[in-house]
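**Q** So that we are looking at the same thing, I have put the structure below in structure tokens.
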Number of protein chains: 2
Amino acid sequence: MSVTAAQGFTAAGIAAGIKENGNPDLALVVNNGPRRAAAGVFTSNRVKAAPVLWSEQVLKGGTVGAVVLNSGGANACTGPQGFQDTHATAEKAAEVLKGHSAGEIAVASTGLIGLLLPMDKLLPGIEKAAGELSPYGGEKAAIAIKTTDTVHKTAVRQGEGWTVGGMAKGAGMLAPGLATMLVVLTTDADVDSPALDRALREATRTTFDRVDSDGCMSTNDTVLLLASGASGTVPEEAAFAEAVRAVCDDLARQLIGDAEGASKDIRIEVVGAATEDDAVEVGRSIARNNLLKCAIHGEDPNWGRVLSAIGTTKAVFEPDRLNVAINDVWVCRAGSVGEDRDLVDMRFREVRITADLSAGSASAVIWANDLTADYVHENSAYSS
Amino acid sequence: MSVTAAQGFTAAGIAAGIKENGNPDLALVVNNGPRRAAAGVFTSNRVKAAPVLWSEQVLKGGTVGAVVLNSGGANACTGPQGFQDTHATAEKAAEVLKGHSAGEIAVASTGLIGLLLPMDKLLPGIEKAAGELSPYGGEKAAIAIKTTDTVHKTAVRQGEGWTVGGMAKGAGMLAPGLATMLVVLTTDADVDSPALDRALREATRTTFDRVDSDGCMSTNDTVLLLASGASGTVPEEAAFAEAVRAVCDDLARQLIGDAEGASKDIRIEVVGAATEDDAVEVGRSIARNNLLKCAIHGEDPNWGRVLSAIGTTKAVFEPDRLNVAINDVWVCRAGSVGEDRDLVDMRFREVRITADLSAGSASAVIWANDLTADYVHENSAYSS
């Protein structure tokens, strides 16, 4: 049910002709109220796409009436014309939706960088999508934002009298701060925008921000949380925050499971860290080590590459106190050879690496993918 | 002529049986004086191999009489036994070489992490190598330190009455601080160890430290510079430093040209930076962007991926003032679409990326490689 699982929302997903292959490429999500509270988190890349620059401004007001999302073009590195196109997109949506103003319409785009969007396709597409808005349109919207995703991603959690649902896309350029992605979450809980903001930031910090498929940070990452208040229920803050976190976690796991060219999903858990920051730094360093990612692809429990990745960090640890397990076999103990590496069974898609720094009690989990010839192929040929 | 181009040095390279395939795997370089001055630079990885820990101590004395190098095993993450093995290696060399003490013998190892060396092969190998020492042995020594290198690497520069020569190995795990490698440089110039140290540090800073094949930092990187004084000539310091730099630059370029699985050598020049540190940070970020490395492999001048890599840095720049050229075609101007990307000819092995930050006058060059299916294959299967 995606973004329409919660009451008060309608959505649509259509083929506007932005993608040359005719696949769906335009999604519209509308908050029908009574509330239109919203929060957003955006890429920390300093080269930001036009829709990110636009939507950051929109979100400062804490109110979002609708979101226009397109695949088939990122509208990034497109200069003043790109920004004018995003502005025109919001104006067009405000015009066709009635009762909405452009300044409260968020825009998100995904696809190739450095190309202007075909506005002659996109603007009529918004009108068409508006005509197809439905309280059952969430799946179609989730399908329309796919790029190289092989499946669309949705998740829902129920609270007591309220719901949080959402959709996500993301397949390449997955990396922290945030994984490349467009995500729209909706809820019918009666929550104001500051509370939405707190819940969303805490949720993304430990979910999307800890997905590191290929170390590449996008120019377009956007995560939005919209509240309609249509359930009439004011949730308990902790329960609401947990539901938002659970939906984000579910979607983040789906992103890793569908990353470009990947054959393995790698769950890296760093334990025994002096601080959570140390655990995250070490987890990211392991997640980004190309040699290790190749080894995991080859089902080779090459713990030496884990240690060499840990060694590049500033985290607190002593080399001769490091322990590493791969799929629960402690192949490295005290910085040296541990249990027999032949005991490690790596046939399954999920691979678990545990790195114990023996320096404290903090921990963190980072998700990554292996590095494969398919990834190389898909990303050598993507723009051609 | 490698490490024996300079007077006062003998070397040997033999097959000791450390590698199961019978290829040469043990090199010995001896400084016959009259001076035995030396300087060394080692990996900044905090997980250091036993020979690195040993040789760092040896170099603190500023005197090195001989270097024992082996391929076929890195002796990294091998615990106390690994360190004892390195110590025994130095003791054995001191014993067979006469007139040398173990505390002045440097040891370097390369190969798989996490395996103990076969000392029953290595120690007799040292005796055998000592018997083959020759003032013409430099090439054989360079061959014996190869791992996945397809060719051995040597370089020589002549000064007025003196010579600097060297050998290097390195193919995977090439990344700054240092590129993975073993390098031994020799000179017959009459230079003391503090001056050697200054020349070597400045040379590696702008050569080996700016090679970033795959973003992975080794546990074993070692660069040594030995001076025999046999020419009887005290060189002018600047001329000597430049010769050392030129030999390092030559060897570094050879390392990139022979990196595992690479089909392109990428020269990334960052110009218009506010500081040299900014230029290096931006260059490294571009060098490590897997999506860009795939695009270059596919001969796709995907400048959007260059901008997204720049955007992840803390360097001084404004997104709308960034310019990017690929093979001298300015495909991105003012952060947006520039010249026609179809003008970029990427058929040749060397690809030049120029990133202009428009923020100052500092610059730096980083060398990298593309990301290929061959790299994935070679590093999925390396340990099996």
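Cβ atoms are placed via backbone N, Cα and C, with glycine included.
What TrEMBL records for B:T147, B:K169, B:T180, B:E260, B:N379, B:S384 is substrate binding site. Feature annotation from TrEMBL assigns active site, nucleophile to B:T180.
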**Q** Which of B:T147, B:K169, B:E260, B:N379 (binding-site residues) reach within a Cβ distance of under 8 Å of chain A?
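**A** Correct list, in sequence order: B:N379.
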**Q** May I ask which residues of the same chain, at least 6 positions away in sequence, place their Cβ under 8 angstroms from the Cβ of B:K169 (substrate binding site)?
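**A** Sequence-distant Cβ neighbours: B:S71, B:T110, B:A142, B:I145, B:K146, B:T147, B:D149, B:H152, B:K153, B:M181, B:L182, B:V183.
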**Q** Since the record lists B:T147, B:N379 as binding-site residues, which of them has the fewest other Cβ atoms within 10 Å of its Cβ?
**A** B:T147
**Q** Tell me, by DSSP, whether B:T147 (substrate binding site) is helix, strand or coil?
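**A** Assignment for B:T147 (substrate binding site) reads coil.
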